[in-house]
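Features of the protein shown, as given by TrEMBL:
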DOMAIN    16-177  domain 'Yip1'
TRANSMEM  26-48  transmembrane segment
TRANSMEM  68-88  transmembrane segment
TRANSMEM  100-117  transmembrane segment
TRANSMEM  123-146  transmembrane segment
TRANSMEM  167-187  transmembrane segment
Amino acid sequence: MSTLDYLKMPFSAHGAWDKLSTVHPAVWKTLLSLVLPLSLIPPAMLLYAGAHHPEVYWMSASPQRFQLIAALFLVAELCTVPLMAQAIKTIAEAHQVRVAFRDTLMLSAISAVPMWLSALALAIPSLLLTVSLLVLGLLAALMLLFQGSTTILKISNEMEAQEVCSQAYAVGALVWTLLCVFVKLSLMA
């Protein structure tokens, strides 16, 4: 798939989604090829922001504290993606949609990509820009989750796809927000 295919994913349930719906990667492959590499971005950017402009984010912890929080954040991310996959599977099954865990894991991981990438905003010493990009990341994740719900979960009824998507998104957005609050509170003076 090309980069253009990926960029179209939040806006269309076809194209790249159709290709992905025929691929059923093993759980370990999704974790090692997508989740692990992209999960490294937020902790790395947190360490960068802490070393270069912590005052912008009202963080005054020691470098060792930044390292500890970044490591804990990485572990939390690596646990959250499979937990979100299980939540999506449970919500889908409550709507009589049978789906394999490996498919919900793929959907969970793809939906998390914008949130991981939004952490790159920490490289720029601007609180407003960082918060704006985090919100855009959450919105893009919602769009990916909805488009993926129709294709990966094979939900043809748009209202049902919206229900599954909104319930799963509520869980995911809450968890992501709690992780961000944990980081912020842990690094404040």
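Note that the numbers count up from 1, one per residue, in the order the chain is shown.
Backbone N, Cα and C define each Cβ position, glycine as well.
All annotation found in TrEMBL is predicted automatically rather than curated by experts.
On the 0 to 100 pLDDT scale, the domain 'Yip1' (16-177) averages 92 in this prediction.
Packing against the transmembrane segment (68-88) from elsewhere in the chain are residues 27, 31, 35-36, 39-40, 42-44, 46-47, 61, 99, 101, 104-105, 107-109, 111-112, 116, 153, 164, 168, 171-172, 175-176, 179, 182-183, 186-187: each is 6 or more residues past its ends and has a CB under 8 Å from a CB in it. Residues 66-67, 69-71, 73-74, 77-78, 81-82, 101-102, 105-106, 109-110, 112-113, 116-117, 119-123, 183 of the same chain lie 6 or more positions beyond the ends of the transmembrane segment (26-48) yet place their CB under 8 Å from a CB of it.
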